[in-house]
Amino acid sequence: MIKLNGSFSIIRSVEHRIKLLVNIMGRRKAGFRKNHFFSHQRRNKDNGNAAPQEKEDRRPYNDIIRENEKFIQYYKTQNVCKPEEFDEFITALKSDLTSTFRITGSKGVAKKMLALVEGELIKECVQQEGDEKPPNMYPLPWYPNKLAWQLDITRKDIRRLESYYKLHNFLISETEHGTISRQETVSMIPPLVLDIQPHHKILDMCAAPGSKTAQLLEMLHQNEEVSIPSGYVIANDVDNKRCYMLVHQAKRLNSPCVAVINHDSAMLPNMYETLPDGSKQQIQFDRILCDVPCSGDGTLRKNPDIWMKWTPANALNLHGIQYRILRRAAELLTVGGRIVYSTCSINPVENEAVIHRMLLEANGALELVDVSNSLPGLKYSPGMEHWLVSSRNLEFYETIEEVDEKWNTTIRPQMFPPKEADKGKYHLNKCIRILPHQQNTGAFFVAVLKKVAPLTKKEKKNDAVMETDVVEEEVNDGSKKRDFDERLPQNQRKRRRKDVYREDPYVFFKDDEPVWTDIKNFYEISGDFDPQNLLTRCQEGKKKNIYLTSGAIRDLVVTNQDTIKFINTGVKAFVRCDNKNMKCAFRIANDGLESIYPYIGDCRKMTISNEDLKVLLANNDPKNAPAIVSLSQDIQDQVENLSPGSCVLIYSEKLKDNDQEIPMRIFISGWRGTNSLRCYTTQHSTVHLLRLLGGDISKYEISKFKKPDDEKPDEPATANVVEEEEK
Ligand SMILES: C[S@@+](CC[C@H](N)C(=O)[O-])C[C@H]1O[C@@H](n2cnc3c(N)ncnc32)[C@H](O)[C@@H]1O
């Protein structure tokens, strides 16, 4: 055992012992699970990582003392960075985090957004009057196509300083519209190294609030030629409330290829899919993200309250659940598939120790992958191959044999590093550890694992299967199909009966769905479209909204809805609108338009010019829709062939990229009235589109700092309407 400074290595007084006991008993009362793995319910809502926030700790961040002697001693002893860098490491951790965002959307839209960010945004929003040196704003070198940007302004300042209100408005409206994602720099890394392809079956095991799920979905939709990719993302979180944050994320991205589910991922039931011959087979995922719950000390810059409650015990308590989540992921992964394991913790017990334990148990079936080449320019430290395990009192141990008996329940043998002779076997140096001073970010840990062989059942020891044993389910070969009703272990079957499913049902269309004939005829939907992928959320009565899923998601929901708690799926494709002028009771919704557009007949499509679209956007109040005669002759000619009702407006532009031309196409749900034309857009989308088209957005550029009397906008100000949600 290595003893540090005496003040930490022993419990000094009887009073202290009593205090500790009372503390522990208090916690037990509240429920062990709640205080540990489920404590995210009380954590900062935007990352679910930080240590539990006690009531008495709630104070303004400025008042928080960013000191913790144990923390300093712990990481100094662990040698997380070179000794000469340690002060820089701590200084960086004590400073506030800067802001970052990613540009998303189709290639064309992203290109145009990038031009705005590089041009106007810097000039207008960042550089302030009289600023000699504007804040630095730069693209992250390792993120493809300059689509991720870091601003050396803190998120707090952007929110707080009046001079940045335009930047704040920009970030809010574009985030709500879905064209940018506000995401921490380091949090962008796991999806990048998962190497996603559009046909992949992807599982995001701990997904809420969903910034990485969003990134996974964007990557799934990378081939713009295909409106509905064959792959999908299953986004899971154990916390029911946080699942609805995932629903919000998924809604922004309008994908028919995502389902949100609500389970403890360490015990995620097997899921099944239907083969062409109608038989069922267990799903083996191609890619799995395990962004596990963690102590979150890598987020100290964003969540400084962690300074006050950090202790080595947090990591010891989390190691078990982190490992069990990773182990379940390894079971659900196909051979040849990839897992990314990530945490925003600096602690090797939550990082390398979990990976080492997994590699050891997998016995050669999993290998660490070196992904350094896919992140050019990223500064990081290689994974640690040696670390110490410390008690909550900062007694450090090299091996399990040294551990004092009193820590037997908290310090486990699997938390220790590989023995010197075995070091080379595991290549833990292939893990990536990002420290805050390396490029002014939060701290983060990423490991990429590849499954090279099926997991095998380990030998039983003393007639008892060890807790750590890995058992691969019988899967995938068709010959080993399991009785469908028996796929859950006993304990989960009981639990299922107790569960109350509050979600509305997912009612997929049948072949002869009565409303479908009208929709199909009115929009001249092509025969390639499978109406069975449409669903409603009500069994009976008038259908209000009709949602679309991909065929694979439909099969997943239908096949697994008895055992999987689906929280949400489907993108809104049609909305009821009982307008007597239209021969169909449903209008097209903007949300599903990108997916459904190729199937809609030309009879309901119109092309629209920049000028006409700007006029529609500036007047999209239904009572004030522009008269058709006030629009261009081209629009008037097209309208002649279009009966009143819902239609698609198509705006196209060709963007120059060196010698290449990149097409940008935007689809908007429109309404051809008897004498007028309008588009359906929310205020955020209106602002976004006007921005993209070079229109006037001055009436939306309202400073939230101005008192209502100073300025009376004729529409509510963007910044006042929606509060931002960041990760
Ligand atoms: C680090 S956060 C995930 C952040 C998310 N991946 C993102 O990028 O937005 C960890 C999440 O794990 C969830 N969680 C904790 N224990 C879990 C478990 N056993 N199974 C599934 N999710 C769990 C928490 O509710 C929390 O939302």
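Indices start at 1 and increase along the chain as displayed.
The backbone N, Cα and C atoms fix where each Cβ goes, and this holds for glycine too.
Curation does not apply to TrEMBL; its annotations are automatic.
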Recorded S-adenosyl-L-methionine site member, picked from D157, D291, D297, D305, that accompanies C206, A207, A208, P209, G210, S211, K212, D237, D264 in TrEMBL: D291
Binding-site residues compared (C206, A208) - the one with the fewest other Cβ atoms within 10 Å: C206
Distance [Cα-Cα, Å, rounded] between C344 (active site, nucleophile) and G210 (S-adenosyl-L-methionine binding site): 15
Nonlocal neighbours by CB distance (under 8 Å) for K212 (S-adenosyl-L-methionine binding site), same chain, sequence gap 6 or more: Q183, S187, P190, P191, D204, L289, D291
Pairwise C-alpha maximum, in angstrom, for the residues (C206, A207, A208, P209, G210, S211, K212, D237, D264, D291) that bind S-adenosyl-L-methionine according to the record: 19
Other CB atoms, at most 10 A from the CB of D264 (S-adenosyl-L-methionine binding site): 21
Per-region confidence, the domain 'SAM-dependent MTase RsmB/NOP-type' (89-452) (mean pLDDT, whole number): 94
